[in-house]
Amino acid sequence: LILCVVVCTAAVLGTAAGYESQLPGCPPGAYPAICARYCYSDRDCASGYYCCNTGCLNICVPKPKPGLCPSITQSPCRGNVCNNDQDCPGNRKCCGKPGCKRCYRPKKPGSCPARKYEAGPCVVYCDGDFDCPGDKKCCGGCPRLCEKPCYD
């Protein structure tokens with residue numbers, strides 16, 4: 001009877017050695033050798049979390065904030081400042097390589113349109129993409145304006 005319980009439990013739970021998550025927002029890394037389901041759908045998770053299938057383990061993880069991580073040129077790594085977007089203030093996102101994550105202002109998709117030379121006063125209407133309404137991006141150096149993005 002004990003043998004049946006062990007064999008049957010292993011068959012139901014499954015086993016895996018270090019599954020890596022491939023889904024956006026799912027935490028990377030190795031997971032326990034015993035597979036388990038702590039959630040079956042997003043409805044099983046608290047508000048602000050979603051059910052993430054890591055390949056072997058279903059767990060509730062914080063939903064990522066909107067926007068994309070900027071291109072990052074990092075100085076030497078000094079450890080994580082954040083583990084996920086919820087660790088960052090406001091609309092900042094947790095970005096970077098594992099072990100070197102920092103909070104950054106997010107970017108919206110698309111790129112800024114090419115500009116012709118503009119003379120006149122240097123006025124800054126935005127500081128980053130999320131200062132702009134809708135899908136507009138913060139573009140230029142001087143002046144900095146909210147503009148409709150180009151999509152390649």
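Just so it is clear, glycine is given a Cβ too, placed from its N, Cα and C backbone atoms.
Predicted, not measured: the structure shown is a model, and the values here were computed from it.
Annotation source Swiss-Prot lists signal peptide at 1-18, citing sequence analysis.
Under the heading domain 'WAP 1', Swiss-Prot lists 19-61. On the 0 to 100 pLDDT scale, the model's mean across the domain 'WAP 1' (19-61) is 75.
DSSP assigns Cys52 (disulfide bond) to a strand in the three-state reduction. All protein chains included, Cys52 (disulfide bond) registers 22 other Cβ atoms within 10 Å of its own Cβ. Per Swiss-Prot, disulfide bond is recorded for Cys26-Cys52 (among others), and the stated evidence type is sequence analysis.
If you look up Swiss-Prot, you'll see Cys35-Cys56 (among others) marked as disulfide bond, on the strength of sequence analysis. Counting every protein chain shown, the Cβ of Cys56 (disulfide bond) has 22 other Cβ atoms within 10 Å.
Per Swiss-Prot, the feature disulfide bond maps to Cys39-Cys51 (among others); the stated evidence is sequence analysis. Non-local neighbourhood of Cys51 (disulfide bond): Cys39, Tyr40, Ser41, Asp42, Asp44, Cys45, Asn58, Ile59, Cys60, each in the same chain, at least six residues away, with C-beta under 8 Å from its C-beta.
Residues or ranges marked as disulfide bond by Swiss-Prot on the basis of sequence analysis: Cys45-Cys60 (among others). Annotation note: Cys45 (disulfide bond) sits in a coil segment as assigned by DSSP.
Per Swiss-Prot, domain 'WAP 2' is recorded for 62-107, and the stated evidence type is sequence analysis. Mapped onto DSSP helix, strand and coil, the domain 'WAP 2' (62-107) counts 3 helix, 9 strand, 34 coil.
Within 10 Å of the C-beta of Cys95 (disulfide bond) there are 23 other C-beta atoms, taking all protein chains into account. The disulfide bond annotation in Swiss-Prot covers Cys69-Cys95 (among others).
In sequence order, Lys97, Gly99, Cys100 are the residues near Cys77 (disulfide bond), counting only same-chain partners six or more apart with C-beta under 8 A. Swiss-Prot lists Cys77-Cys100 (among others) with the feature disulfide bond.
Residue density at Cys82 (disulfide bond): 18 other Cβ atoms are found within 10 A of its Cβ, drawing on all protein chains shown. Residues annotated as disulfide bond in Swiss-Prot: Cys82-Cys94 (among others).
Sequence annotations record features per position, and here Swiss-Prot assigns disulfide bond to Cys88-Cys103 (among others). If you take the C-beta of Cys88 (disulfide bond) and look for same-chain residues 6 or more apart in sequence within under 8 angstroms, you find Lys65, Cys82, Cys94, Cys103.
With a threshold of 8 Å between CB atoms, the same-chain residues lying at least 6 positions outside the domain 'WAP 3' (108-150) that come near it are 67-68, 91. Annotation source Swiss-Prot lists domain 'WAP 3' at 108-150, citing sequence analysis.
Sequence annotations record features per position, and here Swiss-Prot assigns disulfide bond to Cys112-Cys139 (among others). Cβ neighbour count for Cys139 (disulfide bond): 21 (other Cβ atoms within 10 Å of its Cβ, all protein chains included).
Taken from Swiss-Prot, the feature disulfide bond applies to Cys122-Cys142 (among others), supported by sequence analysis. The number of other Cβ atoms within 10 Å of the Cβ belonging to Cys142 (disulfide bond), over all protein chains shown, comes to 10.
The disulfide bond feature in Swiss-Prot is assigned to Cys126-Cys138 (among others). All chains included, 19 other C-beta atoms sit within 10 angstroms of the C-beta of Cys126 (disulfide bond).
Swiss-Prot lists Cys132-Cys146 (among others) with the feature disulfide bond. In the three-state DSSP classification, Cys146 (disulfide bond) falls within a strand.
Neighbour count (other Cβ atoms within 10 Å of the Cβ, all protein chains): 21 for Cys94 (disulfide bond).
It is 13 Å from the Cα atom of Cys52 (disulfide bond) to that of Cys35 (disulfide bond).
Closest to Cys142 (disulfide bond) in space, going by CA atoms and restricting to the disulfide-bonded residues Cys56, Cys69, Cys112, Cys126, Cys132, is Cys126.
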